[in-house]
Amino acid sequence: MKNHLFFWGVLAIFVQAVLVTAGDEGERIVLADNKCKCVRVTSRIIPSPENPNEDILERHIRIIIPVNSRENISDPTSPVRTKFVYHLSDLCKKCDPVEVELDNQVVTASQSNICDEDSETCYAYDRNKCYTNRVPLTYGGQTKIVETALTPDSCYPD
């Protein structure tokens, strides 16, 4: 009987811990989720520890450094990358056009004024993009240069 009560007590504590953790995650707002740079920026509003009547903004910046990343990710023979540069303003910019209604007119606008067409340096593969490279293939004594997929799942349809 004691084991039965102990089991239910532990189960209740576990369920409460899971619900509290899930509740904290739900309050976070994702500001940026850049898979190319391996960065995720979130924020949430929490009560101030000094003054319970005030709220403060807490920001979480998660950066995953791909240790074996190459200078040119499409070229496996390029040297290993040793310098990683992150600009928060670049990570959080939203350049996709959005339709906004102004004075009963629908206008297309961008949420950032620093958008340019320069392709950003990627530190990891974007799994939704097809990366290829030309490599030498020797078969039957002959060497040919062939195009190969570095991310086959995104290069070939199902």
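Including glycine, each Cβ sits where the backbone N, Cα and C put it.
The signal peptide annotation in Swiss-Prot covers 1-22.
Within 10 Å of the C-beta atom of C36 (disulfide bond) sit 16 other C-beta atoms, taking all shown protein chains into account. Sequence annotations record features per position, and here Swiss-Prot assigns disulfide bond to C36-C122 (among others).
Under the heading N-linked glycosylation site, Swiss-Prot lists N72, citing experimental evidence as support. For N72 (N-linked glycosylation site), the count of additional Cβ atoms within 10 Å of its Cβ stands at 14 [all protein chains shown]. A coil conformation is recorded for N72 (N-linked glycosylation site) in the three-state DSSP classification, outside any helix or strand.
The 10 Å shell around the Cβ of C95 (disulfide bond) contains 12 further Cβ atoms across the protein chains shown. Per Swiss-Prot, the feature disulfide bond maps to C95-C115 (among others).
Sequence-distant contacts (6 or more apart, same chain, Cβ under 8 Å) of C155 (disulfide bond) comprise C130, Y131, T132, A149. Per Swiss-Prot, disulfide bond is recorded for C130-C155 (among others).
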CB within-chain contacts under 8 A for C122 (disulfide bond), separation at least 6:
C36, K37, I73
Surrounding CB atoms that lie within 10 Å of the CB of C130 (disulfide bond), all protein chains:
14
